[in-house]
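Novice: In case it helps, Swiss-Prot gives these features for our protein:
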BINDING   LYS11, PHE59, ARG87, THR93, ARG104, ASN114  ATP binding site
ACT_SITE  HIS117  active site, pros-phosphohistidine intermediate
Amino acid sequence: MAIERTFSMIKPDATRRNLTGAITAKLEAAGLRVVASKRVWMSLREAEGFYAVHKDRPFFGELTEFMSSGPTIVQVLEGENAIAKNREVMGATNPANADEGTIRKEFALSIGENSVHGSDAPETAAEEIAYWFSGTEIVG
């Protein structure tokens, strides 16, 4: 098994409900270690930059408005197969389809307000980590 890093974000719907600790506890219980973390309130421009891959999708405006509507927690997680493990712990994007015990099944309000974001591949993990963190902010 490979030790890798992934990007994780706790979204505004979850921070508003004080779920940061509960979500982080689920990630840590799955064997993921937080090696960088900060609380940020994205500007609309930052949200548009972070989600630029979706700029031509019909939900882009709603997504970026939501992501800039309150604080988020951006994190770098480390562990064996961290990308796949994080996605497993998060659950399906649509909470109605998420497995019991996953973050989205337990905490998400809707498909849009689904509490967390996580990288889907090593390349996106590297890009998303670099968007929010400098190398000196990541302490393993």
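Using N, Cα and C of the backbone, Cβ positions are placed for all residues, glycine too.
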Novice: Compare all C-alpha positions of LYS11, PHE59, ARG87, THR93, ARG104, ASN114, the record's ATP binders, and send over the largest distance in angstrom.
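Specialist: The widest Cα-Cα gap among those binding residues is 21 Å.
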Novice: For ASN114 (ATP binding site), what residues in its own chain, 6 or more apart in sequence, show a Cβ-Cβ distance under 8 Å?
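Specialist: Non-local contacts for ASN114 (ATP binding site): LYS11, ASP13, THR93, ASN94, PRO95, ARG104, ALA108.
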Novice: Would you find the one among the recorded positions LYS11, ARG104, HIS117 whose Cβ has the most company, meaning other Cβ atoms within 10 Å?
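Specialist: Ranked by Cβ atoms within 10 Å, first place goes to LYS11.
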Novice: What is the total of other Cβ atoms whose distance to the Cβ of ARG87 (ATP binding site) is within 10 Å?
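Specialist: Step by step: centre on the Cβ of ARG87 (ATP binding site), count other Cβ atoms within 10 Å, giving 19.
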Novice: Secondary structure at PHE59 (ATP binding site) (DSSP, helix/strand/coil)?
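Specialist: Its secondary structure by DSSP: coil.
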Novice: Using the alpha carbons only, what distance in Å do you get between ARG87 (ATP binding site) and HIS117 (active site, pros-phosphohistidine intermediate) once rounded?
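Specialist: Here the two Cα atoms are 9 Å apart.
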